[in-house]
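Now, the feature entries from TrEMBL:
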- Lys68, Lys92, Ser348: substrate binding site (BINDING)
- Lys104: active site, proton donor (ACT_SITE)
- Asp144: site 'Important for catalysis' (SITE)
- Thr188, Asn219: NAD(+) binding site (BINDING)
Amino acid sequence: MKMSLYETAVSQFNKAAKVLGIPDDYAEILRRPKRSLIVEFPVQMDDGSVRVFTGFRVQHNTARGPAKGGIRYHANTNLDEVKALAFWMTWKTAVMNLPYGGAKGGIRVDPKKLSWKELERLSRRYFSEIQIIIGPQNDIPAPDVNTNSDVMAWYMDTYSMNVGYTSLGVVTGKPVDLGGSKGREEATGRGVKVCVGRACKDIGVDPSKATIVVQGFGNVGQYSALLSQKELGSRVIAVSDSKGGIFNPQGLDIKALIEHKSKYGRVDTFSDGKKISREDIFSIKADVLIPAALENSITAENANLINVKAIIEGANGPVTPEADEILRSKGVLVVPDILANAGGVTVSYFEWVQDLQAFFWKIEQIRESLEMMMNEAYTETKEIAKKYDVEMRTAAYILAINRVLYAIQKRGLYP
C-alpha cells in the first residue's frame, strides 16, 4: 500500500530517531503537529456568485522559535500534504540553525481558473481566517506553489488593516519595495547551486565539467539551472516541465530557455534541442539530477531508470522511501530536501530580520551569508553521515532532531 506524504515524512524521521535512540515519548512529541487549522470560507466571484473554499494552516513545532513555512494554492492540496510539509519545515529550519519552527499552509484551488481580482479576494479572506494563529512572533508565512510576492503583499496588507498598523514582518517573500529582501527570488536555487558544487566534489566530478538535468522548471528549477551554469560552469543538458522536456547534449542556453518558458508556458517547444517526454528526463545520463517539481516524482517504478551520480532535491519530498533504497543500492548520492532547498527559508529569515530592524542589506551580503550558511550545513551533515555511517538524508535529520530535541528538553514541559 502506497504511503501518504505525511507517512513518508514520518518514516524518514523514524529512521534517524532510531539511530539516535530517542525515547518513545519524546519521539512522539516530535512527530505530532502542534496545531492544525482547517478553514472553510466564502469568496465572491466576478459574476456575483459565491464559492466556498477550503484552506489549511499547520504549525508542526515551535520549540526553537516562531513557525515558518509557505502557503500553496493547488487543486489537490489536503491536510495530509500540509502536515507533511510543515513537518519538513521544522527539520529544514533546524538544519540551517534558524530560530524557527515549521509550518505550512494551503488552499484547495486551481488558481489558473480565477481572475486576478478573484485571486485577491480569495487570498485576503483566507488570511483573515487564519490570522488568529499568524503574526511576526507567532507564524510567518511565505510563498510556495502558485503563490508569489503579489499574494504576500495582499497578506501583509490584510493583516496590517486588521491590527491597525503596518506589519512588514508578518510574511516574507514580499516585493522588495514593500519590505521584501533582495535575493529572495533566487534564494532556493542559489542554495541548490551550492549543494550541486559540494556534491560534485564528493562524487569526484569537477563542477565546471559537470552535466545536469533538471526536472521541473518553475522558480527553483530555473534558478538552480541558471546559477549552476553561470557560476559553476556546469552544462545543463536537459530540462522538463509538466508538459514535456528538451534535451541538448551540448548544453542548453538556460537564459534563453527561461525567456521561452515565460513567453510560451512550456519548454518542449524550445528550438535549440530535441523534444522529450516528461518521463524521459529520469533516464538521461548525467552527473547530477535536480528534481524541482512536486512531491513523489521519483518512485520505485522509475528509480531504476535514474542514470546520474548525485541527486539534489530542489523540491520537497521528490523521492519516495522505496526509491531512496533503490538509489542507495545504486550508489547515488542524494542531498535531501531539508538541506538542498533550504536557501529559500534562509533568505526569508534574512528578510524577517531586516523587517524587524527596519534596516535592509545589500545583495552581496545576502548572497555571501546564504552561501556561507549552506556550506556550513552541508559540512555538518556530511560529518554526521560519516560519524553514524548513514546516508545524507538520515544525517540531516539527526542534525535537525538533535537541535529541536535540545530546545524541548531545555524548555521543559508546561505546566
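Cβ atoms are placed via backbone N, Cα and C, with glycine included.
All features noted in TrEMBL, drawn onto the structure.
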residue : record                         : DSSP class
Lys68   : substrate binding site         : strand
Lys92   : substrate binding site         : helix
Lys104  : active site, proton donor      : strand
Asp144  : site 'Important for catalysis' : coil
Thr188  : NAD(+) binding site            : helix
Asn219  : NAD(+) binding site            : helix
Ser348  : substrate binding site         : helix
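A distance of 7 Å separates the Cα atom of Lys68 (substrate binding site) from that of Lys104 (active site, proton donor). A sphere of 10 angstroms centred on the C-beta of Asn219 (NAD(+) binding site) encloses 19 other C-beta atoms.
Rounded to the nearest whole angstrom, the C-alpha distance between the residue listed as 'active site, proton donor' and Thr188 (NAD(+) binding site) is 17. For the substrate site, the Cβ centre of Lys68, Lys92, Ser348 serves as reference, and the other residues of the chain with Cβ at most 8 Å from it are Gly69, Met89, Thr93, Met96, Leu98, Tyr100, Gly102, Ala142, Ala342, Gly344, Val345, Thr346, Tyr349. Distance from the CA of Lys92 (substrate binding site) to the CA of Asn219 (NAD(+) binding site) is 19 Å. The separation of Ser348 (substrate binding site) from Thr188 (NAD(+) binding site), Cα to Cα, is 10 Å. Counted over all residue pairs in Lys68, Lys92, Ser348, the record's binders of substrate, the longest Cα to Cα distance measures 13 angstrom.
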